[in-house]
Amino acid sequence: MTPVLEGIGALLDPTILLCLVIGTLLGTLVGAVPGITATMAVALAAGFTLTLEPLQGLAVLLSIYVAAQFGDRVPAILINTPGTPASIATTFDGYPMAKAGRAGVALTSSALVSAVGSLAGILILIFLAQPIAGIALRFGPIEMFALVAFGMTMMVGVSGGRIVKGLAAGALGLLLGAVGRDPISGEQRFTLGIPELSSGVPFIAVIVGVFGLAEVFNQIVEARSGRAAKPIEQLGRWWPDRAERRSLVKPAGIGAGVGAVVGVVPAAGGDIAGIIAWDQARRASKHPERFGKGSLEGVAAPDTASTATMGGSVTTTLAIGVPGDSVMAAMLGSMIVWGLTPGPALFVQNPDLVFSIATIMVVATVAALGLSLVRMQGVVNLLKLPLNTLAVVIITFCMVGTFAVQNSVFDVIVMLVMGVVGLGMRRWGFPAGPLVLGLILGPLAESNLRRALLIDGPFAVLGSPIASVLIALSVLALVAPHLLRILKGRSAARARSTADAP
Amino acid sequence: MSRTRTRPVLAVAALGAAAALVLSGCVSRDGGGADADAAFPTGTITMFTPTQAGGATDLTARTLASEMESILDTSIVVENRPGGAGSVGMQHLAGLSADGHAIAVLPVEVSMLGHLDYEIDPADYDFLGQVNAQPGTIAVPASSPYETLDDLLAAAEEAPGSITVSNAGAGSIWETGAKALGAEAGVEFQGVPFDGGAPAVTAAIGGQVDAVVASVAEVAPAHDDGRLRVLAVFMEERAPVLPDVPTATEQGQDVVIGSWAAIAAPTGLADDVKATLEAAISEAVESEAYVSFVEDAGNIPQYRDAAEATEFVLAEHERFGALLAG
Amino acid sequence: MSAVAEQTVREAAEEAVGHPEAEPRRATRAAETAIGLGVVALGVGAIVAAQQLADLHAGGDFGGRWWPTVVGGCLAVLGAASVVSGLLRPPAVDVEPLRRTGVLQLAAILGLVVAYGIAWQYVHFAVVTLALVAAIMAVLGGRGWRQLVLVPAIVTAVLYGVFGLLLRVPL
């Protein structure tokens, strides 16, 4: 037990507490501003924290990491714009809830389940780091491809009933994901001679464009009497009632499980976990038809999942030295400079550090939860703004936030173009979720599949049990709903489906 | 809210004018044009990096910048301009005015991208000094049957293209490193580009590939705890952090290749500005903070002055031209 | 304002309880066909463009072309499927009809943003942002000093404070 006490004891220093507070405040702030991601905030802060002691620096960086995952829910729920990619799936049900006057319940529940997810992930870090390191190492290109393929089956669920158009939007996302240098040969593909496109279409710009800007644009073109329609008029109750609290349990459990697994996988983070959890919770729900239309379960599942990935990501990063997600990639550089080179040796040489990190994350989670619950009262004032003011605030913050990601005007142009594309998609009945899913997963799918083919040739999948299972699950995910319907066909399901038909 | 009907256009114009007055004291976006008479530096220096914040090049820039700030007695702001494998930031620097207030940390890619279909030419920059060296290595999984570089090369010779070698990405220095070794030894490897150095090294640790070409810093920890076996380092002498690993040259393969970083400015700096910056860089590179930063990360704080660095970059440019054409 | 607000609330409330709408508006067959054909064109375009990619370092059968080709093919098939399903049963429309003023306002805002982007290269961020915010406010019906002076000043100050000063973004 000594490493535990040493690890926690090392934190009994007022400066570390101060660092935690600063990190939590910064994290919540950057999380709430669309465009600026936790990755970027951690990377920027790393420049300042290098001069600090390792534990002080880690306190700042980890609490930014944790708190950003609370802050980013707020714009996702209130203005349909994910504050960071981790809350993409929060928009699916959070925004419909807000439009229905239940923003208060959505925000509070989201903060609560985010805290649960975060703590679940940290438990994994504490108890399962070593065995998990072994599993993560076995995730080579073919296993990664299989996981991504499983993720792509979620396009169907995310389409919200408009399957053909949803899949078309997903294919468009995959196509956008193919822009840039070929991941294997380095050849230019569809880059039109624009150097910025060599590294691919900037996906944060796309997310902000198709979710946030498109929503504002749509309100403007639907405007009544020369004013933008107000997105949300009332926040409703704050605290979820008893029935609502009970309905949170199952999706939060699913979310925590999905998040823990996805978090462990290198390079897969909260965005992917959120979407997978949303779809799994929908399948498991008693009311799948409410998903996408303002289901509280649909908020709880992705929010638990994306925070649960943090513990897994930190585990992978510490245990095998491979960044578990993009935030950890930025943090890894600082850790190496501090002489805390991640890898199995870290657990032998600095076992107390793991407990210090876990404790920092627990404290940051509690602080971020408290801040979220307190701060929400302030959110009311934002929504009391006149309609046109709100539109201006969203447009300008999206523009400057997107610029800040890479200090690039090109990204802002992409965001504006995608705002107009998103408006078109909206008006013509194409859901935006699959597009973003395709853009995120496409490059991962292609590059890992082609790597696997280079290594093992065409029968790569057969050689890997993990990949085979995941591919089988993907097929099942696509086929099972239909099979179930056929099996149940003779009983209640048939009655319901005939009732549904016009 | 519709009671006051002031003409909005007028209001906006008046507002703009007022704001312009208030802010006329502020520095313009392009930085103050340096007075010919005033001693350099006359204002804030911006140090660009063509990479994301938080990466190795970015941290190099930030460490150097904080040292150079006290040497030059001015403030130095680090600005990231990532994208396009670094070409976006490099082109940005080349387009700025050569008054010494815009400098950048440029990685080895500056001498490679021109051969990879990007519009980057080392001749567009005045190099002020090399600040580090990150030598390459080739390593195999601990469980690998190949004990020496010769074993690995013999296997590659026996079945061309059967030995898979991971690297940090298409067009990266480590892909080129594997090619250079193959060309020297007359064998053919199957290169497998990953998305960054860490995943490439992990693929070797996990045994998904037969070998990995990566920097000393990336493989040394795994070599030390026995997950990887480094077969050779691609430098003139043995690496300080891997004293037991022979160089490729010792094993009969004359391959010296690695990543590096240099400080550069747009071409056409005045001689006195250049001298001031060069002196500041050479002092910063020797500072304790910088040296320990580089060595802690497992790299080498190798310094070359402006003339040597320029010669070195041009030589690298020429050599990569031959390697990348193949 | 209040009338608009009430209307929105009522709609929101209706949505909340899932009020059965009388008869959902349906898209026209012509529009659905045009949209679907647009998707088909996009997919075919992608396939054509993929064939023209240089593939010098060809990785055997699985070079840089095959992925965009496969995706383009999927897109074309899905577009065709969308045409068919649109003809069989035009989908319900879940958006409000367009308003002419709204479209003009959006066009004006996009124009302003482009002008802003150009002006920004020459003028300080705070000045152009102040002007942009005021102009967009004016386009969206803002009147009076609060909306045309106070709001732009606050928005600009917050943006500059958060991004320029706190996050050190080179604005």
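Glycine too: its Cβ is placed from the backbone N, Cα and C atoms.
Here TrEMBL flags A:17-437 as domain 'DUF112'. Taken from TrEMBL, the feature transmembrane segment applies to A:15-48, A:105-129, A:135-156, A:200-221, A:252-278, A:318-341, A:353-374, A:394-421, A:428-445, A:465-487.
Listed as Cβ neighbours of the transmembrane segment (A:428-445) (distance under 8 Å, sequence separation of 6 or more from its ends, same chain) are residues 85, 88-89, 92, 144-145, 148-149, 151-152, 154-155, 158-160, 162, 165-178, 180, 183, 200-201, 203, 206-207, 210-211, 214, 267-268, 271-272, 275, 422. Highest Cβ pair count under 8 Å relative to the transmembrane segment (A:353-374), across stretches A:15-48, A:200-221, A:252-278, A:318-341, A:465-487: A:15-48. Taking residue pairs at least 6 apart in sequence, the transmembrane segment (A:135-156) and the transmembrane segment (A:465-487) share three or more C-beta contacts under 8 angstroms.
Averaged over the domain 'DUF112' (A:17-437), the predicted model reaches a pLDDT of 84. In this chain, the transmembrane segment (A:394-421) lies apart from the transmembrane segment (A:135-156): fewer than three C-beta pairs between them fall below 8 angstroms, excluding pairs fewer than 6 positions apart.
Per-stretch counts of Cβ pairs under 8 Å to the transmembrane segment (A:105-129) identify A:252-278 as the leading one among A:135-156, A:200-221, A:252-278. Long-range contacts of the transmembrane segment (A:200-221) within the same chain: residues 34-35, 37, 75, 79-82, 85, 88, 91, 95, 176-177, 179-180, 228-229, 231, 391, 394-395, 398, 401-402, 405-406, 408, 410-412, 414-423, 425-427, 432, 435-436, 439-440, 443, each at least 6 residues beyond the stretch ends and with a Cβ under 8 Å from a Cβ of the stretch. Simply put, out of A:15-48, A:252-278, A:318-341, A:252-278 has the most Cβ pairs sitting under 8 Å from the transmembrane segment (A:135-156). For the transmembrane segment (A:318-341), the residues of the chain that approach it from at least six positions outside its boundaries are 37-39, 42-43, 46, 49-50, 54, 57-58, 61-62, 65, 125, 129-130, 132-133, 136-137, 263-270, 309, 312, 347, 350, 353-354, 357, judged by C-beta separation under 8 angstroms. Long-range neighbours of the transmembrane segment (A:15-48) within the same chain, counting only residues 6 or more positions beyond its ends whose Cβ lies under 8 Å from a Cβ of the stretch, are 55-57, 59-75, 81-86, 204, 208, 212, 326-327, 329-331, 333-334, 360, 363-364, 367-368, 371-372, 375, 397-398, 400-405.
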